[in-house]
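Novice: Starting off with a structure, shown below.
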Amino acid sequence: MACAVSHKVVFLWTVSCLLCLAHGGYNFSVHIATNAKLGTAVVNVRSLLGPEKAELPCAIVEGDPYGRFYVRTNCTVVVARPLDWLVQSEYLLKIRVGQLRDPDHLVVHLKVKVTHVLGYPPVYNVTCETPVRPYSGEKSNDFLFSSTLSVEAETTAGDVVFLKSTLGKPRPIWDMDPNDPRVVITAGNDCHIRVVMGVHALSDVAIAAELFQFYVNEEQGTFRVTCHEQSETFPDGLFELFSTYGKYKDRLRHLEGILPDVMVKLPNHPLIVMISSSMLPTKGATRFNCKLPSTRDRVVTMSLDLDAVTTLKHLDTITVDINPVGCPPDRYGILCDKNCICENGARCHGFNGACKCTEGWQGVACDIPKPGVSATTTPSDPSDIYIPANVTIHCNVHHLEATTLSLLSPNGSVTVSSAGVSQINKTIMDIQPKDGVAYMCELTDTHENVFNATILLDAGNCSPNRKGERCDETCECLQGASCDRWAGCVCPPGWTGTRCQERCPDGTYGKGCGKNCTRCLHGASCAPSDGTCNCTAGWYGSDCNVSCPTYRYGLRCQHTCTCRNDAACNNVDGRCQCVSPWTGENCDEKTATIPEPLVEILVPLASLLLLVLIVAAILYKKRRLFGVVPERVEENEALLELALVDYSPSNHNYIPTFKHS
């Protein structure tokens, strides 16, 4: 048994050989993985035959009609074209050893068994089919998706910052070297994306270190954030940080167990492992709301742009808008940095490079002929077939010599081609719903093998802006709404009405206005399209539940309070609530006051004067009522003067007394 293993091969492969000498020649059997790279050695024929055959040339003479293998000058059989065990799992190669004219040349029969590898070949999943970006002529390192991050946060300086940053390509500080990757990105057949980053020094990714220290679960050494997809079409995304040093070093072994293919690519012993996974959209922009865990009594320092470093005090929610951009036609991957291998007009999937073969081709690279017949239409997209319209049905022969080719219509009629003709084209004029049935192309080849293919015409759509049973009514939809044959205008989120002419009623949002804005607090309204809260003055946050900082007020907390002298500032309108003795609009005016000693003097004096006035008034009235003689008046005045003379300001308890004779 001979075995060969290459540690530099990204997709691990193994080759095992069984050698036996049988009657009638040399027979060998080898195994090779279906994902073996081009140029991978399968077996060296000379080493199997012994040293006496070391100088003889070798050539494949039979068993490889589609050129999957070739033989080097040293008689090593190598992989020449992509293998696909689903198409062909076994090859019976006939290899000549020696010159053809040499009567002593040998014939080796080599059975090559292609073994299955989990997850290979990649699957072309139409649900996450991304757009194709026009080719610019230059190599691009733009992402397959464009991401826009929006953050509302309070800084330690008392400011509320509203930041938005779009990320369309790797930052210059990111290490994307494929030979020593710090970031590993994988895309699965189920449209899930996983990004894994290894942090070896806390200074390499300062944000990761700060987030870890800010939010980390001390017991588990993890930080986890769940990102909720707003339309509820996709599963939630997940962002995780794992500490793998100190008392958390066993966490690295755990990650190697659940992500072996990813962790093996990271440099050894990262201090922190960042993992982000989600199912990404392909038809349009999608929003994820990432709610952060409760904060501690500490701050987090991070770079909010390329130059400035800001210390944050409160960070509640991060909003991520992801928009599919696509790769150029010959590239795929999240970084659009991998070369597609698709041939013969096949489309390359932007996620994983899977090929969508055209009719008549098969295999991983769509480079293996698929004999048979195909049935297609023009227009090829069913959504482009309208009532009424003309549709052409095509029957095509692929990699076969036909004796007869027929098109069978549902009404029983048959269209037959002439001998040797490899194509039939039949046009159906003014298509109607009754024509929405199956048509079949049938082929008989020269070996009397019969092949057939069926296509179902979907004759149920009206042309754009038309509706009704006969497609004779006009939709006239607004807001870019689509027109359905039976339902009429299908409004985008946030709009309603027969023509989508009305916004959703207050308190509702979304498609069909079917969702309620119950989470927006303090009188906030919500955007009718996606339910985003439009906070009123004095509040911010994803739910408008966070009051403006102490010295900020107004809409989005953009105004600075002018209150002074420890006055409280109203977060809504900025009005100042002064503390004594301050007053004024900004609490910067001091109220006039009387010194305390003077108050102690004036209060009893004022009391005395008031009492004197009362006594005088009483005496005056008594005189008028009883006719008191003037002499008695003079006597009373004398007594009053005497009382004033005896009064001392220091005697606070003095009360004058009067006697009448």
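Just so it is clear, glycine is given a Cβ too, placed from its N, Cα and C backbone atoms.
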Novice: Of the residues Cys544, Cys548, which one does TrEMBL pair with Cys535 through a disulfide?
Specialist: Cys544
Novice: Hey, of the disulfide-bonded residues listed (Cys535, Cys544), which one tops the CB count within 10 A?
Specialist: Cys535
Novice: Please work out the mean pLDDT for the residues of the domain 'EGF-like' (514-545).
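Specialist: Reported value for the domain 'EGF-like' (514-545) is a mean pLDDT of 90.
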